Amino acid sequence: MKDLLRHRTSLKEEIEILLNNQVKMEAEASAKYLAMASWCDRNGYLKSSAYFLRQADEEREHMMKIFNYILTVGGTAISPEVPAVKQEYPTFRSVFETALQSEISVTQSINRIVTASRKEEDYATEAFLDWFVKEQVEEEDNARRTLELFDVIGEEGTGRYFIDKEIGKLNGGDA
Ligand code: FEO
């Protein structure tokens, strides 16, 4: 059955697997950001919590973009299983370090799919992923900016209060 259906699409199985893995990675990113939003909220960093909630929404949008693309090109989109994500963080700063690391992993993963698409002469998928390549430049830039704020403001005294306030302005925040 699967083989018969396979003949009706130009999407190669290898690319379909990579795209479904990316759906899962974006779902996991959304779950991670929810955990970060919760950690920030219960530790008094309300603007950062709102920032992570916005990030979580964006990751779900990324997930749905890829999910819908798989459907459009006649593939089998798989509803992702999300593994348990870390709920606790040792420090305020470490939350943002983890977020940057996570964005860098997503960039690398997107790049690997672009490379595979090119190798398989799947130019439709390569063109589709162009949006994600550009989006990751922004995502990493935001994540790096949060860490710069820790450095330029400093955590001592009321530092963390002001860091939280500035983070609230990033990525569409009106804080
Ligand atoms: Fe969808 Fe932040 O990567």
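Every residue, even glycine, has its Cβ placed from backbone N, Cα and C.
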Of 1-28, 85-112, 113-140, the range TrEMBL labels coiled coil: 1-28
Conformational class of Q136 (Fe cation binding site) under the three-state DSSP mapping: helix
Additional residues around Fe cation, ordered along the sequence, whose Cβ is within 8 Å of the centroid of E26, E59, H62, E103, Q136: M25, A29, E58, V106, F132, E135, E139
